[in-house]
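Per Swiss-Prot, the features are as follows:
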- SER24: active site, nucleophile (ACT_SITE)
- GLY56: site 'Transition state stabilizer' (SITE)
- LYS63: N6-succinyllysine (MOD_RES)
- ASN89: site 'Transition state stabilizer' (SITE)
- ASP196: active site, proton donor (ACT_SITE)
- HIS199: active site, proton acceptor (ACT_SITE)
Amino acid sequence: MALCEAAGCGSALLWPRLLLFGDSITQFSFQQGGWGASLADRLVRKCDVLNRGFSGYNTRWAKIILPRLIRKGNSLDIPVAVTIFFGANDSALKDENPKQHIPLEEYAANLKSMVQYLKSVDIPENRVILITPTPLCETAWEEQCIIQGCKLNRLNSVVGEYANACLQVAQDCGTDVLDLWTLMQDSQDFSSYLSDGLHLSPKGNEFLFSHLWPLIEKKVSSLPLLLPYWRDVAEAKPELSLLGDGDH
């Protein structure tokens with residue numbers, strides 16, 4: 001006898017989803033101690049955290065691929081929240097890194113376009129969190145550039161312009177925003193948050209998670225624990241506990 005026939009299947013369990021969309025800082029976020037891994041751990045049995053980070057990508061490319069990642073479907077397929085975290089590559093200096101560089105005005109327009117696309121597939125602004133690029137430690141990043149045989153291709157002051165543009169898009173569109181560029185420089189030497197001047201160190205991952213979680217928590221606080229706690233499973237007939245709606 002098939003397993004489903006023997007026990008009765010119950011309704012399919014559909015996990016809510018949190019989608020992280022961004023560049024390498026998102027792609028690497030599932031490494032040990034990463035901010036994405038911390039989110040997944042915090043939300044286990046409540047929500048799947050999907051990593052859709054693409055190392056080296058800018059908003060021009062992100063805008064093109066977003067419709068391939070999220071399409072209009074039934075309400076159960078709609079992510080409970082989406083983070084959009086770009087700017088580290090867009091803000092590269094045009095003369096030194098023309099492939100990744102995106103003009104400031106286009107960067108803002110691309111962010112706005114992505115927020116508008118999400119709205120068109122029934123993900124409203126209140127489910128979207130924009131994240132500004134992190135500050136750049138120029139001395140550390142220049143060392144990496146020299147190793148790769150190139151000149152310093154980013155400046156923190158320029159990154160700040162892109163961070164401000166991200167803040168303005170969030171204000172215009174009505175989304176939440178996490179201003180990492182400002183927060184990381186607020187009280188101490190921010191270089192400790194960065195492993196190579198650009199990407200996050202363990203301390204930087206912890207910093208991002210601690211500031212992002214309150215924004216995420218507002219959007220997932222009503223999610224129940226999926227399936228009962230083990231002590232609450234009916235001993236004689238576990239099917240009574242395990243084939244219901246799982247809201248325990």
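Positions of Cβ are set from backbone N, Cα and C atoms, glycine also.
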Handout entry: Spatial neighbours of GLY56 (site 'Transition state stabilizer') among the active-site residues SER24, ASP196, HIS199 [C-alpha, 10 Å]
Key = SER24
Completion exercise
All chains considered, the count of other Cβ atoms within 10 Å of the Cβ of the residue listed as 'active site, proton donor' is 13
Practice task
Work out how many Å separate ASP196 (active site, proton donor) and the residue listed as 'active site, nucleophile' at their Cα atoms, rounded off.
Solution key: 13
Completion exercise
Rounded Cα distance in angstrom between LYS63 (N6-succinyllysine) and HIS199 (active site, proton acceptor) is 22
Handout entry: Set of same-chain residues at least 6 away whose C-beta sits under 8 angstroms from ASN89 (site 'Transition state stabilizer')
Key = ASP23, GLY56, TYR57, ASN58, GLN100, HIS101, ILE102
Problem - Rounded distance in angstrom between the Cα atoms of the residue listed as 'active site, proton acceptor' and the residue listed as 'active site, nucleophile' - result: 8
Problem - Under 8 Å by Cβ from the residue listed as 'active site, nucleophile', same chain, sequence gap 6 or more - result: GLY53, PHE54, SER55, GLY56, ALA88, HIS199
